[in-house]
Structures are given as structure tokens and as C-alpha cells.
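J.: Quick paste of what Swiss-Prot says about this protein:
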type	residues	note
LIPID	Cys456	S-palmitoyl cysteine
REGION	13-34	region 'Disordered'
REGION	240-378	region 'Disordered'
TOPO_DOM	1-47	topological domain 'Extracellular'
TOPO_DOM	74-84	topological domain 'Cytoplasmic'
TOPO_DOM	111-120	topological domain 'Extracellular'
TOPO_DOM	144-163	topological domain 'Cytoplasmic'
TOPO_DOM	188-206	topological domain 'Extracellular'
TOPO_DOM	232-388	topological domain 'Cytoplasmic'
TOPO_DOM	414-423	topological domain 'Extracellular'
TOPO_DOM	445-464	topological domain 'Cytoplasmic'
TRANSMEM	48-73	transmembrane segment
TRANSMEM	85-110	transmembrane segment
TRANSMEM	121-143	transmembrane segment
TRANSMEM	164-187	transmembrane segment
TRANSMEM	207-231	transmembrane segment
TRANSMEM	389-413	transmembrane segment
TRANSMEM	424-444	transmembrane segment
Amino acid sequence: MFRQEQRWPRQLWPMGSLQPDSGNASWNGTEGPGGGTRATPYSLQVTVTLVCLVGLLILLTVFGNVLVIIAVFTSRALKAPQNLFLVSLASADILVATLVIPFSLANEVMGYWYFGKAWCEIYLALDVLFCTSSIVHLCAISLDRYWSITQAIEYNLKRTPRRIKAIIVTVWVISAVISFPPLISFEKAGGGGQQPAEPRCEINDQKWYVISSSIGSFFAPCLIMILVYVRIYQIAKRRTRVPPSRRGPDAHAAAPPGGAERRPNGLGLERGVGPGGAEAEPLPTQVNGAPGEPAPAGPRDAEALDLEESSSSEHAERPPGARRPERGLRAKSKARASQVKPGDSLPRRAPGAAGSGTSGSGPGEERGGGAKASRWRGRQNREKRFTFVLAVVIGVFVVCWFPFFFTYTLTAVGCSVPRTLFKFFFWFGYCNSSLNPVIYTIFNHDFRRAFKKILCRGDRKRIV
């Protein structure tokens, strides 16, 4: 992402990010643009291998993130405003794959900067901007999830498309503030002295910028993400550990301000419908007589890390007038509850059973302890699954980016980092752009269904 490495002798720098040292480089002569002989750092076989691997990375990144964007705009289940975060994140990753990685690859295999000074400045700015934006997006998504859980009614009524777009604009502004000023306003260090024979493309290498940009682009967002996700996990764990035997009668919470209508969503919670008709997050009901504490029966509490939850429910997908008899719905709900497997979503209850956690509280409720026990086992499985997803999200993010930013900061304070190791970390960070669609969508049923619909249109009736 950033184009600075250890300060080897400047006459040995053929380019800005991956400068070979004088002892280990193997160079092959090639014909340069001006007719002279230029040095290339790799043999033909290694060059072809690198081009194929990075080309595959580019294709996977573009394909996966384009699928995410199409799914959000075409699937009814993904119309929730918070899914705009994923659209913006996917757009940033696509831009990294199309406007940054190809030029980084050319810079690497050619051994010098071929594309001129003007594009060098643009390329450096876009490189830092897009990669920083991708990281800050993940931080914004984690904060959005945290607020939607801790301030369920208030925040979810305010979570409008306009507000989400404003947050997205803020993310891009923060990324630009980190990226652009040093490239435009400050003179690059080491500008004097003998100029190298090969054109280079270098970013600001002043110590203050390396440290501050590393903190702003990675360490601060990463710390926020970890703290927020730990808090989300603690909340979800506390809610899912309330057993059915200790739960009091569920009472319907008072209608939220603003005249929002409430609909049962089949999860033991109720979904608020805002003035614009957009569905908000499930509104909490009372647990053990404590108003405002969300009921622990809903899988959305346990699955707090499913970043973009479904905005539809089973009853909403049926056409009007297609309601089944209550008895049949109740039987189907019980049958599905008894078939919960580890990692599966909990069964959704019939519309008439929403908000009824105990026997005798409503006509559409589920009676008997068997269904409750099944739901409780399902919640335990969801907690395990939640732990796994949490580990994947934080682990992959840190694994991809921490090595690069750590070694990048070490070089600023004068520590020696092997050139090959730094190059590996540099390219490994780019892999996060291709992994984001997997991490943030494959664990969500609505995205899986949308992907199947996009890729297998001939099977549309079965999927929808």
C-alpha cells in the first residue's frame, strides 16, 4: 500500500516500493523505453508466475465484490440501509484491484516506474486512499453493529439511507485526510543528491508521516474493531445464556416514537417499520420483567456479527392472501425447530407466534418445553458459530494487514527488515480485498441465496 521500504543506497533504487539490495538481487538486462538496457529483478519464469498469481488475485477481487454489489441492489432481502456499507467497501476493493494492484505488479516485475511522474503521484494517492478506506469501512461496520445492538430502538429508527450515506462519506473523507496531504503539501525526503538512473515512484518517507499514517490507517481502526467486537460478543453471550426456564412472560414493548408500526418477524422479536416503509432492526421485548432488554430468543442477538442481517422474514416473502392455517404453521415451526444443526439459522416462528415466549400468552404461540429446549440448543450452537465468525473476521483482518504495517513502522525507526519479507507482507495485505466478500457475506444466508440467484438464474423459482 505505502511505497517506502528500508533505505538502501539510493543509487540502487529502481522503484519506490520494492528496492533490491546490492547483495542479493539478480538482474536481467532488457530493452528500456529509450533504447537502453534496463535491469529487471526476476527471471522470465518467476515473472510469469507472479503475473499469473496477481492476475488471479485481481480477478477474484473484482468478481467477488461485483457479486456483492449486484446482490445488494437486486435482492429484496438485502435492501436494508446498512448494506450500503458493503457496497462502498466492495467499491473500494474493486478500485484497489483495478487502479492500484496492476501498477504495483508492473512496478515489481519491470524493476522501475514506467508510467511517468504525473501518474506516479495519482497512483500513490489512490493506493493509500483505497486501502485506508477499506480498513476504515470495516471499522465503521463494527460500530454500526455495536450501536444497533446496544441502542436497538433509538439507533435503528435513525438508521436511514441518508444517515448511512453520510457515514460512508465520512469514511472516505477520513481516508482522504490520511492519504492526500503528505503527497501534495510536503516535500519528499531525500530529494537532493544524486538522482538515480532509473525512474522511481516513492511516497513521503518522513518518519512522522510513516508513523502517523500507520496509526491512522491501521492501528487505530484495528484497535477500535477489536474492542467493539469483544463488546458485541460479550453482549450476545450474556443474552444467549439466559435459559428458557428463567425467562418470564414476554411482554410487548411500547410502540417507538414517530408512529413506527411494528410487525412480528418470526424471531421472537418485533421489527419496527419506519416512516419511509423501511424495516428497522428487531425491537426488544421484556425479559424477566426488565423493559428494554432484548429477548434472548432471537438468533440476531446471537448472530451479532452477521454484519448485514436480513431485512425480510418468512412471512414477508409470501404473497398477500397466502397465509396458511395457524395450526399448520405451528406444526411446521416445531418441526423446523427440532432440526436445528450447528451453524444453521434458528427456525423462524409463525407470524402469529411472534413475541410469545411462554405458553398461554397468545393464540399463535408454541406450546410445550420441547420446542423451547430445541431453540435453546440452537442458541447454544449459534453462540459457537458466532465465536467462529468473530475469530475469522478479526483474525483474517489482522493477519493480512498487521505484518505489513508493523514492518513498515519498524523501517521508519531505523530497524532492518529483510527485503523479501517486506515484499511478501506488502502483497499479502492486498489479499484482504479479495477475502472481504467471503468473510462478510458467506456466513449470511441472504447473501448466499442472492449469489445463487445471480449465478443460477435458471433455478430462480427454487431459490426465491
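Cβ coordinates come from backbone N, Cα and C, glycine included.
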J.: Relative to the transmembrane segment (389-413), which of 121-143, 207-231, 424-444 accounts for the most Cβ pairs at distances under 8 Å?
T.: 207-231
J.: Please figure out which one of 48-73, 121-143, 207-231 racks up the most CB pairs under 8 Å against the transmembrane segment (85-110).
T.: 48-73
J.: Need one number: mean pLDDT over the topological domain 'Extracellular' (111-120).
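T.: Across the residues of the topological domain 'Extracellular' (111-120) the model's pLDDT averages 86 on the 0 to 100 scale.
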J.: Taking helix as H, G and I and strand as E and B in DSSP, count the residues of the topological domain 'Extracellular' (414-423) in helix, strand and coil.
T.: 5 helix, 0 strand, 5 coil
J.: Hey, what's the Cβ neighbour count for Cys456 (S-palmitoyl cysteine) at 10 Å?
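T.: Other Cβ atoms found within 10 Å: 11.
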J.: According to DSSP, folded down to helix, strand and coil, what is the residue listed as 'S-palmitoyl cysteine'?
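T.: For the residue listed as 'S-palmitoyl cysteine' - judged by DSSP and reduced to three states - the answer is coil.
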J.: Quick test of the contact rule: Cβ under 8 Å, at least six residues beyond the ends. What residues does that give for the transmembrane segment (121-143)?
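T.: Residues 1-3, 16, 85-86, 88-89, 92-93, 95-96, 99-100, 103-104, 115, 167-168, 170-172, 174-176, 178-180, 183, 201, 203, 213, 216-218, 221-222, 224-225, 228-229, 232, 307, 397, 401, 429-430, 432-433, 436, 440.
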